Amino acid sequence: MSKTKRIDSLDSIRGIASIVVMIYHCILCFFVFYNNNIEPSTNIFLKILNYTPFHLIIAGTESVLLFFILSGFVLSLPFLNRKPYSYKSYALHRFCRIYIPYIFVMVLSSTLMILLSDYQPITELTDAFNHRWEHPLTIEAVFSYILMLGYDVNNVNGATWSLVHEMRISLIFPLLMLIIVRLNWIKSLLLGLGSMAFLWVLTKAIAQKIFISEPINYLLNSIGDTFFYCTFFIMGAVLAKCSHQVSKKIKKLKLNHKIILLALSFLLINKTLLNLIPFGQDGILSVLGSLIIQWIVAIGIIILFSLVLNSKRIEAFLTKKSLLWVGKISYSIYLIHPVIIMLCGKFLSKLIPLSVAICLVPVFTLPVASLMYKYIEVLSIKLGKYFSVKKVSKSEQPKIKVS
């Protein structure tokens, strides 16, 4: 697969994942799916969604892990290709790319909430819906949104929680790549995952035992979560590092072996199924179990990536114009769909049945996301290139060279 088609395929995967997240957030508004998310139902239809490959249609949580792994894969490529590198250029580009669309949608969401919300729940819908636009904006929340601290984001646009971690990890990612570039894939994976796991435990312990102040406690817990999500970026980067070796092994496999691997990946990318593993309901075992399950999901995602990147048939499917378009606007889909959910639930439902209004969210999200991409994302991309290329002098660009 050519480099261009590989990146195009990855964009399409990101687009499909953003659609899955949107579907997941829509169905969680209904009690039958919300309750099933907490305690798996015995309903045959829900069992099919829970325990078969059809689960991928509603695998919202798993899709966010896919975003992290995919980001690690893509961000690592310039380092692995030994391109001259300036941290200032890199950081400015990443900041513009993530922050500008993020802050735009936070301002839009906050403004619509202030102008339109009565802060009253809709009893026919679940907490997944009613915890948005739930209470007036606070000064603490405004500062949190501006600084990307993650505090109280659920009230305005809960999907942005992952961007808080994405931004932090992006800024320290070059340090992670110093390890990954210099060591073999096994050592870099073990050292990377081990160090991040240690920092996660340390930060969480400090938050629990030393500080009493709620804001500091929240921030420390959030930073601890960032260290954990770093592990998925590392997995993506390590996959990119050994992609040639993986490609050779995949191409040698017979078709039936590839089908078995594909089935295994579907099995692993299913938190509902993995939650059947008896880690316990409370205490440290429950917490560790949750982390282990997410790492198992990551293994499934990596297997899926490996198959996708080495299949001409899948490549042909993923490079169709419609999927490339969805991939291009995927960030906007991810950001704007919670706003559309709220507008449909609060206001469109006054004209048509509530369930129909929520089901129409994807219909409205795609054109709105397309406009957001055109007028906000493209601007952020251009500004990122301008500041990272024009404002960083030529003498500074090759200052840090990965070798």
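FYI, residue positions are counted from 1 along the chain as it appears here.
Cβ from N, Cα, C; glycine included.
Whatever TrEMBL says is automated annotation, not expert-curated.
Here's what TrEMBL has on this protein:
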- 8-371: domain 'Acyltransferase 3' (DOMAIN)
- 12-34: transmembrane segment (TRANSMEM)
- 54-77: transmembrane segment (TRANSMEM)
- 98-116: transmembrane segment (TRANSMEM)
- 188-207: transmembrane segment (TRANSMEM)
- 219-239: transmembrane segment (TRANSMEM)
- 259-277: transmembrane segment (TRANSMEM)
- 283-309: transmembrane segment (TRANSMEM)
- 329-348: transmembrane segment (TRANSMEM)
- 354-376: transmembrane segment (TRANSMEM)
Contact call for the transmembrane segment (219-239) against the transmembrane segment (188-207), three or more Cβ pairs under 8 Å: yes
Close approaches to the transmembrane segment (188-207) from elsewhere in its chain (Cβ under 8 angstroms; 6 or more beyond its ends): 176, 179-180, 182, 216-217, 220-221, 223-225, 227-228, 230-231, 234-235, 238, 241
Positions on the same chain near the transmembrane segment (54-77), where near means CB under 8 A and six or more residues out: 7, 10, 13-14, 17-18, 20-21, 23-25, 27-28, 33, 48, 162, 165-166, 169-170, 173, 177, 180, 229, 232-237, 239-241, 266, 269-273, 294, 297-298, 301-302, 305
Surrounding residues of the transmembrane segment (12-34) on its own chain - C-beta under 8 Å, 6+ positions past either end: 41, 43, 46, 56-61, 63-64, 66-67, 70, 125-129, 159, 305, 308, 318-320, 323-331, 333-334, 337-338, 341, 345, 355, 358-359, 361-362, 365
Proximity verdict for the transmembrane segment (98-116) and the transmembrane segment (354-376), three or more C-beta pairs under 8 Å: yes
Positions whose Cβ lies under 8 angstroms from the transmembrane segment (354-376), at least six residues beyond its ends: 19, 22-23, 26, 29-30, 100-101, 104-105, 122, 124-125, 325-326, 328-329, 331-333, 335-337, 340-341, 343-345, 348
